[in-house]
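Annotation comment: TrEMBL describes Asp108, Lys204 as active site, proton donor/acceptor. Marked as active site, schiff-base intermediate with acetaldehyde by TrEMBL: Lys174.
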Amino acid sequence: MDQRAGAQRPGEIDQHVWSRDVVAQMVDHTLLKPEATEVDVASLLEEASDLGVYAVCVSPSMVAAARRAQSVGTLIATVVGFPSGKHVSEIKAHEAALAVAAGADEVDMVIDVGSAVRGDFDSVRADIAAVRAAVPDSVLKVIVESAALLDLAGEQTLVDVCMAAAEADAEFVKTSTGFHPAGGASVRAVEIMAGAVGPTVEVKASGGIRSATDAIAMLNAGATRLGLSGTRAVLDGLNS
């Protein structure tokens, strides 16, 4: 589960308590642009320390650079099967294991959305389980592309995918890669996901969260982690 000691859940925090410091400790400060360099990653870690965020999220090839630049107290997350989810499970599992060996604390894997859309939840579950087995001691977040699932298959499919993630022992379900044309996080999706598997499995909202208003809406809907690339702008909109 979430490595923050005594981490509070949304139902335990009133809206007025969403202060800058509280929200910062629920943020994965994210840099997944293909053109990112080691210099960019070092800057990301420096900014993460300044902002007081919980973790950074970088591409697998940038994990070692992030570890070299890591600040005390900032965890490192990475992505697997990103962004399409169309890699075979063995590749995802190996990619996850390599990333953890390089220094990643958390792994955000992408499911094969096509398997979910056609209702093959056994394949979805097996895919997640393969990655879980490869990194048994790391926090595992399962990216479900909630906007695409809602558009193509409806609410029940999103619920069933979240249930598959829970059955495969993932710690989080995550809305989006931020790269899918269907869109990113929505309040509706977060509510469905949290209702399906919370509080045992937590919800990470990511994709299109650009303001403090967006962030608070996701947290009030049930998210306990936020994936943000424009982190400073979001946090600057919150009361200290």
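A Cβ is built for glycine as well, from the same backbone N, Cα and C atoms used for every other residue.
Keep in mind that TrEMBL annotations are predicted by a computer and have not been checked by a curator.
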Cα-Cα, whole number of Å: Lys204 (active site, proton donor/acceptor) versus Asp108 (active site, proton donor/acceptor)? 10
Looking only at Cβ atoms, how many others are within 10 Å of the one on Lys174 (active site, schiff-base intermediate with acetaldehyde)? 30
For Asp108 (active site, proton donor/acceptor), what is the tally of other C-beta atoms lying within 10 angstroms of its C-beta? 27
Between the Cα atoms of Asp108 (active site, proton donor/acceptor) and the residue listed as 'active site, schiff-base intermediate with acetaldehyde', what distance do you get, rounded to the nearest Å? 8
Which number gives the other C-beta atoms within 10 angstroms of the C-beta of Lys204 (active site, proton donor/acceptor), all protein chains shown included? 28
